[in-house]
Amino acid sequence: MVSLLANIGIIFLAFYFYLRSKLGILAYQENRKISYFIKCVFAEVLLGMILLSFSIVIMDIRFDFRFLLFCFSAKYLDWKITSSSIVLLAILRFFWGSIDIAQTNLLASIVIAVTLPLLVHYTKDKMSDLSQLLILVTISIIPTILITNHVIADKSLVLTIGLMLFACGYAATFIMYHFITDLYSLIAFANTDDLTTLKNGRTFNAKLLEIERNMQSVTVAMIDVDYFKDYNDRYGHDSGDALLKQLGQAFHDFSKPGIDFYRIGGDEFAVIIHHSSHAEAETFLVALQEKLSQWDFSIASGESVGVSISIGVAHRDDGEKLKKTLSRADVALYKAKKDGRNKVTLYFPS
């Protein structure tokens, strides 16, 4: 019982801290780099080793919740992380107990390393996340039962172990799925603007700290809605909110990998552009400004109104303090508004 509770506690804590760290899943999607891949594999293998240390051992067969770790990893992370971790853990398994069992476990692990990602790929659009996880758990438990049946002569004990594995596996999957879903929603809510569903000022500031820490070259753009106060005064705050909500959706539509929009206050927005040349970033922002100036937005009264935006742009090069880059973007935005609004203005380093 102690080992079982330890396994559950270890996995819960691991997923909590993983999600707490930049929304784990989103972090991986935004950081598909070899260094991030290595960190994820290392963390998963380390967690698997800890689970191995708290295994329940019956005739050299180790029973623990590694299969849950693999299933959630296959579902929510990249297949390369999952498969690499499974095989590495199977190799490390040779340091725990019987060599014969470890050899059999290695063969079973290779099968699982291939099967789980394929199952995720072919079922992801055909069933719910929870159903996928339950299927993955079922497939992951079967090799353990086959090994148990081969090693243990007492078939009633094999049956009992199998039933316990399925019962504990399904129960833990159900609880962990809802735990992760709820925690993910809470963390996402704290980092998302409620009205526009864009990333909020808190997330923007955190991203700036990360950029500064990693010395990344980026383009930063500050955006204001032209004459937004006049819209509020003329049509009312409900219409102003409706306008911002639609503008947020428009920014979502323009978002792509490496381009992130944020609502940082009132009618103020920001864009951070990664992995693009200066010319590419400027072309994107000019196209954004021109297209939005041609759109019609619906307000609370049902009327359609036109909206324009002013954008101030600054490119952050290596060696420049990000605070200075932001200051230049703000100055560029001020100049765009002063020069008649509805335009993109670039401020070069002084």
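Keep in mind that glycine also has a Cβ here, set from the backbone N, Cα and C atoms.
Taken from TrEMBL, the feature transmembrane segment applies to 7-28 (among others).
The transmembrane segment annotation in TrEMBL covers 34-58 (among others).
Annotated transmembrane segment per TrEMBL: 79-96 (among others), in sequence order. Panel annotation: around the transmembrane segment (79-96), residues 28, 37, 40-41, 44-45, 48-49, 52, 55, 62, 66, 70, 73, 102, 105-106, 108-110, 112-114, 116-117, 120-121 of the same chain, lying at least six beyond its termini, place a Cβ under 8 Å from a Cβ of the stretch.
Same-chain residues lying 6+ beyond the ends of the transmembrane segment (102-121) with a Cβ under 8 Å from its Cβ atoms: 70-71, 74-75, 79, 82-83, 86-87, 89-91, 93-94, 96, 132, 135-136, 139-140, 143-144, 146-147, 150. Summarising the annotation, TrEMBL assigns transmembrane segment to 102-121 (among others).
If you look up TrEMBL, you'll see 133-152 (among others) marked as transmembrane segment.
Annotation source TrEMBL lists transmembrane segment at 158-180 (among others).
The domain 'GGDEF' annotation in TrEMBL covers 216-349.
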